[in-house]
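For reference, the structure discussed in these notes is given below.
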Amino acid sequence: MEALEIARWQFGITTVYHFLMVPLTIGLGLLVAVMQTMWHRSGKEHYLRMTKFWGKLFLINFIMGVATGLVQEFQFGMAWSEYSRFVGDVFGAPLAMEALLAFFVESTFLGLWIFGWGRLPRLVHLLCLWAAVLASVFSAYFILVANSWMQHPVGVEMVDGRPVMVDAWAVFTNNTALVAFPHTVFGALAVAGAFLLGISWYHLHKRRHDGLDTVGAHGTVIVGDAGGARDAVDHRVWLVSARAGAIVAMIAFAGTGITGDLQGKLMFDQQPMKMAAAEAACHDGTGFSILSVGNLGAQSCDDITAVIEVPGVLSFLANGDFTTEVKGVNTLLPEYQEKYGTTLPDDPMYGERAGTEIDYLPVMEVTYWGFRIMIGFGAIAAGAAALALWVLRKGTVPESRWLMRLAVFGILAPFGANSAGWIFTEMGRQPFVVAPNPDPSGIDSVFMFTAAAVSPGVSLGELVASLVALTSVYAVLLVVEVKLLFSYVRGGTASAMPELAQAGSDSGHGGDGGSGVSGARHGGKDDGDVLAFAY
Amino acid sequence: MTEALPTLWFVLIAVLWAGYLFLEGFDLGVGMLMKLMARNDTQRRVLLNTVGPVWDGNEVWLVTAVGATFAAFPHWYASLLSALYLPFLLVLLGLIFRAVAFEWRGKRDSDAWRDRWDWAIAVGSFIAAAGIGAALALTTTGLPLDVNGNRVGGAFAWATMPALLGAVAVVLFCLVHAAAFVALKTEGSIRSQADRLFRRLLPVAMIPFLGWALLVQVGSGTVVTWFVVVLAVVAFIASYRAATVGRDGRAFAGLGVGMLALIGSIFGAAFPVVLPSTLDPAFDLTVQNASSSPYTLGLMSLVACFGLPLVLAYQAWTYWVFRRRVSEASIPAAHAVTAL
């Protein structure tokens, strides 16, 4: 393989990996902040336990998002120096703002939250969490502004062959970014919703399996109480979490659907080839393919047949009506070739690639299936959440072990949808790293081929070394993270609140109580010198 | 006004690097002391908790310095990071291991588990300090760059004496800075250990840093920057004297101010070159030919005017909230996470 391919694999792997952690950070962070707010307002013990337990899982994952995010900040310059020089005037600004306005707030106030239990006044402590969580949402906005400029370059003029920012307002209110931002936040909430639901289901199931909770005459739950961490409040923790997770998952899916539809309509204008490739739509038409067979990998329209097609739906996705013809690959290819050339320019920046033919068709296997996996996994998760909410109406889950496993596995579905969506939108932009927009509102002359973006001075050996090092380190850390999450999940609320386990062994109190537990924890000065929430 | 913007951003980026070295300097050093100074697990946890609430915020100074370089000087960002591909890869791996180790170390009650992450913290901190030191030394002394700003001479063209000097300078600074910080932030036996270490290290530890500053002064120093180097030496002497009379705060501040002065003298002398080419001075990247457009710099200036004071304010507040000294008695017992 050549340096360019290695660099692309590296960017893809590190970015998709980073975006396994990020949606959980954003989504779960928001939910934990809501839980702590509920505890602050109501003083109810189960909200405190929810905050502590989900907060612990949040932190185990958060740090991986931070650690892998570092790579993102550096790798544009390291592996993509020509790209950095070309776009720096407009692309660097949102990145720098993300660090200055979002990352500082996020990391500083999260530190205050972690170590501030019992030391800060309760309201201040709660506000610290909100500051950190909202900053992480804000950081998503900045990075999506940067990414959206690569999809839909706006607010610039070309000076000496490079885009120069002339209208910051246009860059920061890029319509592509304004719809990608809510789409991403809803995607993050979908992840968090499934996470809450799956893990809470496991615990509700475990309580039933251990004979703690039983089911009465009308199928209604009879809550058991074994004291300590497995008292009646514990049941409330999981039931409230499960229901909240299911509701969040459903709302999130609706949100991604609505914003995704808006995105699709923009994309048909801005990057018609990406959408044609997403549909494997070779010819102009109105039908949406449910299933296309043939050899997508051959990258040739002769080999593809749409087996099941719904007439009109593609037009609706693109234009909001059922009749307008949408351009297919066969129409678009000559248009792209005419506008952007058939071969790479004879410029030293393209190295040995100069003069080679440009393939304007993205990898159709990836775009076609990426698009469908995104929607499919999202829909499966939302459907399962709706079903789960109905099953939970009597206050517990069935004894079925298979259902429990399904709920836990279901956590993966929205992760898959998020990854598939990103892979689709980034690979669908190829062969461009900055995509030209043929529509009249776009700036047609601003584009960059991915082949021109890689660092000319960096050797193949360096790229291979970093690909191998980062991939293997990431793989090891993923295993460790998942193992840690599993052990904390298995330990239940006591894993985040060891005092519960102690309380269980010496008193076995339960019910609404717990004031003794939380009192000792948050009485402030009673703790003397001991750090409440230390490393 | 617009002509001054690249200069303003050069100053701001120097400030961000100085802030990074001052703040993360001690937490990188504390990371190394986990294996070099602490005698038992409780002491290691005391060390960790001195920086526990703040290390992540300190690290954002690095992210911001790099991000601001991208925004304000894209050519500097692109040339430096691609030329130092392997050193930055090592820095990233070091920082990744260190970050997860901080958070995960106490999440399982096992000595082997903790020991593994302690090594990750110590080695990760060491590599990060050395790599950042080498990179900063090279951006002020030069790299073999061609006319397009691309490195020539292969993957190890950066492995030079100035790189080694910078690496040693920053590693030693982090260690001595951490010793001063731990003496200031702890109580009991660990405090006196740190105090002793500080007094033993300080007379020699800043010599490489001083050497780096002098190297740049000899090349392009001015009267002002030479004077600032002298100020730094005065600050180090004052710091040492403060430590001998048990004034932890002054010792820490004196060392920090001295380091800031050295960084000021280095960037001041290097100005207006941001990244010299050792092949031909005509290929040098300067504040003028490496910078973004005045429009972008103006926009970023507005954001920095608003953002940077705010960052300083709330980070200062964090240090105030956690101003109490940590002692071995502050450390709660480790608890095991067991399945229900």
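Every residue gets a Cβ built from N, Cα and C, even glycine.
Features of the protein shown, as given by TrEMBL:
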TRANSMEM  B:6-26  transmembrane segment
TRANSMEM  B:76-97  transmembrane segment
TRANSMEM  B:117-138  transmembrane segment
TRANSMEM  B:158-185  transmembrane segment
TRANSMEM  B:197-215  transmembrane segment
TRANSMEM  B:221-240  transmembrane segment
TRANSMEM  B:252-275  transmembrane segment
TRANSMEM  B:295-317  transmembrane segment
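Tertiary neighbourhood of the transmembrane segment (B:197-215): same-chain residues 37, 137, 140-141, 162, 165-166, 168-170, 172-173, 175-176, 179-180, 183, 229, 232-233, 236, 239-240, 243-244, 251, 255, 258-259, 262, 265-266, selected by CB-CB distance under 8 Å and a gap of 6+ residues from either end.
Of the candidate ranges B:6-26, B:117-138, B:158-185, B:221-240, B:252-275, B:6-26 contributes the most Cβ pairs within a distance under 8 Å of the transmembrane segment (B:295-317). Residues 7, 10, 14, 17-18, 21-22, 25, 73, 76, 79-80, 136, 139-140, 142-143, 145, 149, 173, 176-177, 180-181, 183-184, 202, 206, 209-210, 212-213, 216-217, 219-222, 224-226, 228-229, 231-236, 238-240, 242, 284-288, 290 of the same chain, all 6+ positions outside the transmembrane segment (B:252-275), place their C-beta atoms under 8 angstroms from a C-beta of that stretch. Counting same-chain residues at least six beyond the ends of the transmembrane segment (B:158-185), those with a Cβ under 8 angstroms from any Cβ of the stretch are 21-22, 25-30, 32-33, 36-37, 47, 50-51, 83-84, 87, 125-126, 129-138, 141-143, 151, 191, 194-195, 197-198, 201-202, 204-206, 208-209, 211-212, 215, 239, 243, 248-249, 251-252, 255-256, 259, 325-326. Residues of the same chain lying 6 or more positions beyond the ends of the transmembrane segment (B:117-138) and with a Cβ under 8 Å from any Cβ of it are 17, 20-21, 25, 27-32, 34-36, 44, 48, 62, 80, 84, 87-88, 90-91, 93-98, 100-102, 104-105, 158, 160, 162-171, 174, 212, 266.
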